[in-house]
Structure formats: C-alpha cells, structure tokens
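Per Swiss-Prot, the features are:
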type	residues	note
ACT_SITE	ASP295	active site, 4-aspartylphosphate intermediate
BINDING	ASP332, GLU336, PHE364, SER365, SER366, GLU367, THR368, LYS369, TYR370, SER371, LYS382	ATP binding site
BINDING	ASP501, ASP505	Mg(2+) binding site
TRANSMEM	28-48	transmembrane segment
TRANSMEM	56-76	transmembrane segment
TRANSMEM	207-227	transmembrane segment
TRANSMEM	244-264	transmembrane segment
TRANSMEM	570-590	transmembrane segment
TRANSMEM	596-616	transmembrane segment
TRANSMEM	644-664	transmembrane segment
Amino acid sequence: MNFMKVYEEFLLTLKNMRPDVIIHNPVMFLTEMSLFLSVFIYAFPGFFGVPSSTTYLQFYLAVVILLFLTVFFSSMSTAMSEGKSKAITDSLKKFKTEVTAHVIRDGNPVDVKSTDLRKGDIIVVYRDEIIPIDGEVIEGSGYVDESNVTGESRAVMKVIGDTVTGSTRLVTDKIKIRATADPGSTFIDKMIDLVNRATREKTPNEIALTVFLSGLTLIFLIITASIFSISHYYGRTANVMMLIVLLIALIPTTIGALLPAIGIAAINKVSEYNIIAKSGRAIENAGDIDTIILDKTGTITIGERQAVRMYPNKGVDDKEFYRMCALASFYDQTKEGISILNLARSNGITVSEEDLRGYSFIPFSSETKYSGLESDSDYIIKGSLHALKEKFHVADEFIEALCKEISMRGGTAIPVVHNGKFAGVIELQDLIKPGIKERIAEIKNMDIKTVMCTGDDEVTAQYISAQVGLDEYIANSKPIDKYNVVIREKERQRMVAMVGDGTNDAPALAKADVGLAMNNGTQAAKEAANMIDLDSNPTKLMDVIFLGKQILITRGALTTFSIANDISKYFVIIPAIFYMFPSLSMVNVLDLTDPIVAVTSALIFNTIIIVFLIPLALGGVKYKPTSISDLLKRNIMIYGLGGVVVPFIAIKLIYMLLVALGVVW
C-alpha cells in the first residue's frame, strides 16, 4: 500500500515536471529551461565555445544533475500535497455505496436501489440500516452514527426537522425522511467536487507573490544576459554554464519551488480539521480576520440546553403548570422540547395526542421566538420574555424578576403564557464550554474583535459575555442582526468571520469574508458559506482563524528565508564567477579558493535546502497567538537572520567536504 502511494507520487512528480505543467510556476519554469540548456552545453560544449576539458565536463554534469534535482524536488513537494488531496477524495468516495432504500409508493414501502432515488422521495429507514441519501427527518427520531463522515464516534440524536447525510447509519429506532438531493448531487458528491476544485485555485496573495517572484526573476535574467553581452563587448568569452549557475543562485528558487505546495497544503490542513473549504481564498481570508461573530448556543456554551426546573406563577397550581408545559412542548421535537416533556414526566405528568384534540401547533421560528398551541378559545405559548411581552402585551413583575434571576445564573428563562397571562417559567441550563474563555483570550490577543449574537435576554447575554470576556454582545438577536453586524463591520474596512446553520443565516454567510456553515444546517446555508464543518462544531471557526494565520505566516517566513538565502549566495557565487577581478576578493567572506568547487557547493545547498523545507511547507510554521509587531520581530530573527547565516555555514561545510573527498576542478 505504501509502495503504491510512493509510486503514484513519483508519477505525479514526473507529470509536474512537464513544461506545460511547470510553466504556471515562472521561477521553476526558468530553472527547467536552464536545465535543458545545461544538458545541451554538456553534450555540445563547442557550440557555445565553453571549455571542454575533462574537469569542466565533470562540472557541467554536476550542474545538470543538481538542476534536475532542484526541479524534481520542487515537483515532488507539489505532488506530496496533491497526494494528500487525492487521499481525502478517495476516502470520501469510499462512503458512496449503493444500498436498498424503502421508498413510500402509494402509501406502502417499496424497495429500490439508492441510485434510483429522486429528490422529494419519502423513505423509511430502520434501525441499523444505512441512510440511502441526504434527507430531512419528517417523522420519528433516533441516533445516527456519522463517524464515517465527521469522525465523531458518538452517535447524534436526529429529530423532526434535522438533516441526515447519505451513507451514515441509523443505530436506534425508525425514522422517515424526505430526500433533499438526487444521486450525484448529494453532500458527499459536493464535498468531492469541492476538494477537487479547491486544489486547483490560486489565492490572491499567492498570485501577487507569484507576480513579484516573476518580476524578480525577469530582472535577474536580464542582468545575467547583460553580463554575457558585456563580456563579448570587452573581448572576453563568458562561460555560459557559469552564467546559468549565477542565474539560478540569483532567482528565488527556494520559495518558487515550495509556493505551489504551500497553497495546496492549506486546503489539506483545513480538511484535517474535518472542514471543507470551497477555495483557498476563504482560508487566506481567515488569516486577516478583524471581527468574529459568535453564536452563544453551541459555540460559547455546550449547546444542549436542558429543562431543569419549572416555576409556576403565583396562584397557579404546580401540576396544572407542568401540564401546560407538556402540552406546549408535545409537538416540539427539538432537544429542548423533548427535555421539557421528560421533566414533566418526571413530575408525574404525561400527555397524549388525545389531550391536544382541537389544538393546532405553532412551530418555533427565529423571527417570532416562541412556539406552542392554540385553539379557537385557548392558547398556551412558550418563548422569550421579550417576544411574549411584545406579542401578547403581558406584564408581570414576579415573572420578570424570576427570569432575571435565572439569567443571572447563566440559565435561559422560558416564560409560558396562557390566555393572556403568565402561567410560569421554565428554566433551561446550558454550561459554558470548558476552555472557551482561554480561546477567546487568544483571539483578542490577535487584535480580533469578538461579537456574540444571542436570542437570550439582555441579562443572560451580559452574564455570558462577562464570563468569557467578549468585546460586544447583541441580546434578543434575530438573523437580520447578524447580517447588520457584518455590513457594519465591513463598512469600517474590517474583515468578518461568522458561523451559521439556518436558511436565515445565508445572507450574512454570503456577505462575510469567512462564512462557516454547519454540516447539519440547511442547504441554503451550506451554499452561501465558503467553508463547511463536517462535525457541525461552531467553535471550529476559531481553529480556522488560527490556521489562516499559520498559512500566511508560513508563506511569509519561507519567502523571507528564501530571499535571505539569496543574499548569502551572492557572496559565494559572485566572487567565484568573477575570480579574474581581484577587487572582488574582499566579498569572498568564506575564503573559498577554488571557484568551481565554490559554485558547485552553492548549487548543492540550493538544491538540498528545498528538501529540508518541504516538511515546513506542508506542515506549516508553528503559530502562537501574539501581536503583529511581535510576530514580525520573531520571523525576522528566525527566518531573516537564519536565512542569512545558514547558507554561509552550510556552503562552507559542503565546500570543505568536497575538497576532503578530492573533488577539485
């Protein structure tokens, strides 16, 4: 298996060396053209009038080999990155299996192949069966094993309204789903397509750096060609092979060789977090984020609010209030609704559909912020205090004080209104995620503004915000508020990142510079976002920002190191090539007396440094959250100063080794 992987990467390396492929990397294209010219000079030295003694022919052969290895190692780094992308695609393709689906036809289940399903089909899935296609749960509930897609070993509870992904497995109960995609356009199909497309796109910064490197390369090409012309003018014959070595030493081959690999590695590293990025631009944007918009539930808190206590209003019987809560939650298939039913049941109250005859269900929406039951003469509604007061024009000092007390404990108060009066309050509790305070502190240390949007009241929002150290919060938030925050921050020339999972989040996700949609969210949210988290963990937005910073720093660090390398190589190559000018001996700081061995030593270093930097290009520079000024100082010291010192030491050691081995040309 490992041999096949090495063989595939070797073939991919050879493919990347083809001129029609490598031409997209101007620096390495020029290096490859120099290789072809070197082969020609070695084969026909008399054509260019260069020395053709045995000593020089050995030197020419060494140059040919080293230039070949330079191009080979560059192509290999890209092939290794592309190999990882292919592995991700192959792992996703393994999940596409054909299974039998139980489709409802004329009221009865009929077995068909999953490839024959169509969007809108109603399908029954039984315990321990593979879910045949993407869909929405319309009846029943059960735990679904999504480990093959998300990597999460714990089964996830799915209730009415939740989405399920084809190829995952139902491990309990029975559910009925409505297919939301045709075969070939399922979630996994789209993920495969996204991975394939993402690897081929260059980011704006990468394009800008490529243009800069191309311009630098063109300047040095003109300088080298000018030396050839000037030498002829003064009646001297320049050694073309020496000029090729000078050119390769002058141009930024190190970053030129590794730049494509860094770009592809960015997509791969995001995939390691179980996140699919639609483009490299999204990852790059993550490194420049100024404002991050966070949801409270699921991001700052654990996200599994449970009913822990019911408080009846003054004059309302306990059992009667428990019954109201159970009735209002009977058709509420959210985890919160189910927990309210369970709490009522633990207090001896059970209700059935018979008890709801004559009532119609009012589903919860993020706009209204309430749900419940109503009939011609009766209604029981539960929701946020702000929404209920606004809708039903009710007020009660005791209830409001109770809601404030619950909020100050970090809980969520759900008041219940019965026929124009507050009947009581349900208390939900959701714990703050362990470590989230430290993560937010790291975000703020990078000068990133943190804003929390929550549907909870002012007191709860203020409590949570103070607990974790947020810069700003928006209480009683509606989906439009997220969009307004995105617009406001962008008008201030700030780059914005946010998380969303609902259709009403789609406009804000599309407008944000980094929009992270949840895998269990709606199709509209996934299409609007530029990243999708397969684990549906909103906290990962912070990981994406760290990763974006790391990728930008890696590219900058390697560019700094490459250019610093070139400066050092000038002090080796130029005195060696122009040894006939004694005045240049003062810059021969390494005291390399044999010019050809000195040039060869520099070229060997130029080649092997690419190999040593491949792991850094693929893995990224270690990033610790800090201010931009501290980061700049650190990179200049390590990669700037290091880029100058390392070549001096390495080239001197290589020179001494060659001389010790008797390589004296």
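Placed from the backbone N, Cα and C atoms, the Cβ positions cover glycine too.
Note that the structure is a prediction, hence the values are computed from the model and not measured.
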Number of Cβ atoms other than its own within 10 Å, given for SER366 (ATP binding site): 14
Greatest C-beta neighbour count within 10 angstroms, which of the recorded positions ASP295, ASP332, ASP501, ASP505: ASP505
Cβ neighbours within the same chain of TYR370 (ATP binding site) - under 8 Å, at least six residues apart: ILE362, PHE364, ILE381, LYS382, GLY383, SER384, ALA387, LEU388, LYS391
Neighbour tally for THR368 (ATP binding site), based on other Cβ positions within 10 Å of its Cβ: 16
Same-chain residues at least 6 beyond the ends of the transmembrane segment (644-664) whose Cβ lies under 8 Å from its Cβ atoms: 564-565, 567-569, 571-572, 589-590, 592, 594, 597-598, 600-602, 604-605, 609
Tertiary contacts of the transmembrane segment (244-264) (same chain, 6+ residues out, Cβ under 8 Å): 24-28, 30-31, 34, 37-38, 41, 63, 67, 70, 73-74, 77-78, 80-82, 84-85, 199, 202-203, 206, 209-210, 213, 216-217, 220-221, 223-224, 227, 280, 551, 554-555, 558-559, 561-563, 565-566, 569-570, 572-574, 577, 599, 602-603, 606, 609-610, 613-614, 617-618
Intrachain residues whose Cβ lies under 8 Å of the transmembrane segment (28-48), provided they are six or more past its termini: 17, 19, 22, 56-57, 60-61, 63-64, 67-68, 70-71, 74-75, 217, 221, 240-241, 244, 247-248, 251, 253, 256-257
Three-class DSSP secondary structure - LYS382 (ATP binding site): strand
THR368 (ATP binding site): secondary structure state under DSSP, collapsed to three categories: coil
Which of PHE364, LYS382, all binding-site residues, has a Cβ with the fewest other Cβ atoms inside 10 Å: PHE364
Spatial separation of ASP332 (ATP binding site) from ASP505 (Mg(2+) binding site) - C-alpha basis, Å: 22
Collapsed DSSP category at ASP505 (Mg(2+) binding site): helix
Residue among binding-site residues ASP332, SER366, THR368, ASP501 with Cα closest to the Cα of ASP295 (active site, 4-aspartylphosphate intermediate): ASP501
